[in-house]
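Here's the structure we're looking at; comments come further down.
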Amino acid sequence: MACLSFIVVSLNSGGQETSWGSPELIGLLIAAGISWIGFWVAEKYATMPIAPMKLFVKWEWRNVPLMIVVRTLLFFHNFAMIFYVPIFLQVIGLNEITSSALIIPFLLVAAVSSSTANMVCSKYGHVRTVFLAGLAFLPVGVGLMSTLSETSSIGRIVGYSLIAGFGFGSGTQLTMVIAQVGLPADELTTVTALVGTSPSLGGTLGVAVIGSVINNAFRQRLLSSSIITAAETVTSTINTTISLNPNDVVNTLRSFPEGDPARQVVVDAYVSAWQKGCWTLVGVAGLEILLFLFARRVQMDDGSKKESEDMAVVEREVEEERIREETEKEKEKNANYKGKKTNSDVGEIEGIREERRETIEDENGQEDEVVQEERQVPTDDDQDQVVSPTPVKSPIGAFLDRLLTGLRVKA
């Protein structure tokens, strides 16, 4: 605050009440510099700084200081136009109401272009292109306004104001957004506050700087005119309050009757001073464009990208759920198949066992038949008589049976 106060006072006083080389003015500028340094030293060692130094020293966060400066310079134009355009229009012959109303087109188109630029950037994401394209209208519009004179029509005044307003408004919202992109969440409030205070700073500097340029140029032009220096009313006005109160220019014009040569000299002097003020604004606009070229590229969207990502996540989850269900069904199917196969295998095994059992029984039956055939040996008395077969339950039993049979035959 102290630094800003010293700067504003020095700009308003320099070349008007005091010369630029006066000790008072130099002292004010030195005091402003010391206040500025003291502020940053205090912020560096403060426990809870208002403007943390890390926001201004990290290269990846360079958009913060750049957008603060660019936004300050944007509102430098805004307040300078609002303050000095009505005065200029009164000087060239328009009344107070008309002069004040003609600033409305500038403000209206600025509001519209601000919203439009933000929507375009959100939809297409080309922040740098949109910002630079919009900002290019600002120096063009201000440069055209420097060509206005007392013969200019209201249509020209409105048209040039629209161009300048479009250039100013297209960057007002984007500077805030660009400064916030890429920052951690805990720094957003601080950055928003810092960028939000820049319009006040820009307005104060704009009125002070452009006022100093116009008033100094106007004063020098009047003092160089022999007609004006001969008029005591104008000379006294110049030497007292004309540099502090711009309305005194209008009052000075009213002090001359219509057709007085001094009146035309005053008008011409103010038009010349107005042109220098406009060219100063053109230079400031060029500085804004140059600074923005160093800003880090950012990307914006209107939420459709996030929505599409969310839809992709939902679709992926649905697909995973479907695959999971199919996998579970496949597992159940395999389990049932394995169960059936196991039962079938058990049946086959039982069948094989049964076949083996039958085979063994058949083999045992065949052995019994052989034994029976061996036992059917005919006697000498009756070849047709056959010994009744005796089942053999074991090899020993079979041996004994054969032995007994042999003894019987011999007997």
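The backbone N, Cα and C atoms fix where each Cβ goes, glycine too.
Curation does not apply to TrEMBL; its annotations are automatic.
Sequence annotations record features per position, and here TrEMBL assigns transmembrane segment to 25-42, 63-85, 97-117, 129-148, 160-179, 191-214. Positions annotated as region 'Disordered' by TrEMBL: 323-394. The compositional bias 'Basic and acidic residues' annotation in TrEMBL covers 323-335, 350-359. The annotation compositional bias 'Acidic residues' is assigned in TrEMBL to 360-371.
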For the transmembrane segment (191-214): best-contacting stretch of 25-42, 63-85, 129-148, 160-179, by Cβ pairs under 8 Å: 63-85
Tertiary contacts of the transmembrane segment (25-42), as residues 6+ beyond its ends and Cβ separation under 8 Å: 2-4, 6-7, 9-10, 13-14, 18-19, 53
Among 97-117, 129-148, 160-179, stretch most in contact with the transmembrane segment (63-85) (C-beta, under 8 angstroms): 160-179
Cβ-Cβ under 8 Å with the transmembrane segment (129-148): same-chain residues at least 6 beyond its ends: 77, 81, 85, 88, 92, 113, 117, 120-121, 156-157, 160-171, 174, 178, 271, 274-275, 278-279, 281-282, 285-286, 288-289, 292
Secondary structure tally of the compositional bias 'Basic and acidic residues' (323-335) (DSSP, helix then strand then coil): 13 helix, 0 strand, 0 coil
Long-range Cβ neighbours of the transmembrane segment (97-117) (under 8 Å; 6 or more residues past either end): 78, 81-82, 85-87, 89-90, 130-131, 134, 154, 157-158, 161-162, 164-174
